[in-house]
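Chemist: The structure under discussion is supplied below as C-alpha cells; questions concerning it will follow.
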Amino acid sequence: MPTSFMRIPYRDLLPPPTIIPPAAATLSGAITALQEFFYNPPPSGLPPSTVVLTGAGLSVASGLADYRGVKGTYRVNKTHRPIYHHEFISSHETRKRYWARSFLGWTTMSMANPNSGHYALRDLGKLGIVKSVITQNVDSFHPRAHPDMPTVELHGYLRSAVCITCRNEYPRDIFQTELARLNPVWKDFLKEAISSGALETEDPDEKRTRGIKMNADGDVEVPGAPYTTFRYPACPTCLTRPPPLADGTKGVVEVDQDGALESISNAGILKPAVVMFGDSISPEVKHGADRAIDSAGRLLVLGTSLATYSAWRLAKRARDRGMPIAVINMGGVRGEEAFFTDLDPKQAGGQGVRTEISTESLLPALVQAMRKSEAQSHHHHHQAFERTNPAEVFKDFLS
C-alpha cells in the first residue's frame, strides 16, 4: 500500500531553538553565517545549488496570518479548528461555513502582495545561489515574485476553485463574484467590514474587538454569524453535463432558481484548490518536491516550524542525504535538533545555521551583502587579469 502524505495540523508550541553558530543571534552575525553556508562547498557528491522550503511565517510581512508565530492563529485564537477534507466533502453545511468565511477573507488575500523576503529569494536565484523553492503556502506569492524560478506548491493554492468530480479549475476572483451574487446580505457585510478597516488591521486584538478573527489561509471567523444562510454555486461543467460517479451511477447536480447548489447534490462540488487538513498530497506534487530536494546540495528553511509531516519529511530527506541545513524561523521547529547533530562546534555556518532573525529583515540584507561580495570578487579578478602580461598569456595559449 502506498504511503499517504497527509496534511495534519500540529497545534503544540515547540521549544525555543539553539542559535547556530552563536554569532547568528545578531543580524550581522546571521548574514556572515549564511554567506559561509552558501559559499562553503556541500559534501562530496552533492550539487552546489540550494533548495528553499518556506512556510506561513514568510508571508506575515505581507499582512497574512501564520499558525504559530507571535500573533499566529494557534496563539491568539486557541479555539480555532480547521475544516478537514472529509468534512468538506461530506457535509453541505460544512461547505457553507467554509465558503462564507473564505468569502470574507478573500479580499485580504487577493489584495496582499509578496514582500521583501519573496523578492530576496528571486535575487538569490539570479545570483545563482537558489535553484528552486518548495512552499507550504497557498497565497501564490512565490510564483508572482520569482516566476522564472521553479516553485513546488506543496499544499496547493487559493487562486482557484476546483471541482471534486471533473477536476476543472475556475479562477477564485470569478468564483468570488458568484458568491457575492448569491449572497447579497453577506456582500453588504463584507463591504462594511472593508470600509471600516476591520479586515486591514494586523493587530489581532483590534480584530477581536471588532468581532472578527482572521486566521491563516484566508479564513475569517465572525462569532455568531449565520453561516447556514450562505450559498455557493455548482461546477458549471458538471451542471451542464452531470458526470458518472466512481461506482458507475450518474452524478446528481441540483441548483435552486438562483444557481446555488442544493444539498441533494453529490457531484459538481467546488472546493479550494488546496490540500485541506486530512487530505493527501498528490503523487505528482510529492515527486516534484522530492526531485527538488534530490537535485540540490543545501536546504534553506524559511518561516516554518515544519509541524506538518508533509514538510518535515522533506527536511529529513535532505538531512539523510547529508545536505547542510539552514533554518530561519521565529520560534521552535519540529525535530530541529536532528538537523544539527555532529556539527563542528567551531563551524561558522558552512555546516549549518539556525537563527531567529525575521526573514523580512535578514533576507534583503543578505542579498545586499552577497552582491557586494560578488562585486568585490569580480573586481579582484579583473585587477589580477590587468596585472598579467597579455603577450605572455597569448604565448602560453599557443604553446
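Positions of Cβ are set from backbone N, Cα and C atoms, glycine also.
In case it helps, TrEMBL gives these features for our protein:
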| type | residues | note |
| --- | --- | --- |
| ACT_SITE | His155 | active site, proton acceptor |
| BINDING | Cys163, Cys166, Cys235, Cys238 | Zn(2+) binding site |
| DOMAIN | 24-373 | domain 'Deacetylase sirtuin-type' |
Chemist: At the level of the C-alpha atoms, what whole-angstrom distance separates Cys235 (Zn(2+) binding site) and His155 (active site, proton acceptor)?
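Modeler: Rounded to the nearest whole number, the Cα-Cα distance is 22 Å.
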Chemist: Which of the binding-site residues Cys163, Cys166, Cys238 has its Cα nearest to the Cα of His155 (active site, proton acceptor)?
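Modeler: Minimum Cα distance from His155 (active site, proton acceptor) across Cys163, Cys166, Cys238 lands on Cys163.
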Chemist: Rank the binding-site residues Cys163, Cys166, Cys235, Cys238 by the number of other Cβ atoms within 10 Å of each Cβ, and give the residue at the low end.
Modeler: Cys166
Chemist: Average the pLDDT scores across the domain 'Deacetylase sirtuin-type' (24-373) and report the rounded value.
Modeler: 91
Chemist: What number of additional C-beta atoms lies within 10 angstroms of the C-beta atom of His155 (active site, proton acceptor)?
Modeler: 22
Chemist: Identify all same-chain residues not among Cys163, Cys166, Cys235, Cys238 whose C-beta atom falls within 8 angstroms of the centroid of the Zn(2+) site's C-beta atoms; report them in sequence order.
Modeler: Ile164, Thr165, Arg167, Asn168, Ala234, Pro236, Thr237, Leu239, Pro243, Val253, Ala267, Gly268, Ile269, Leu270
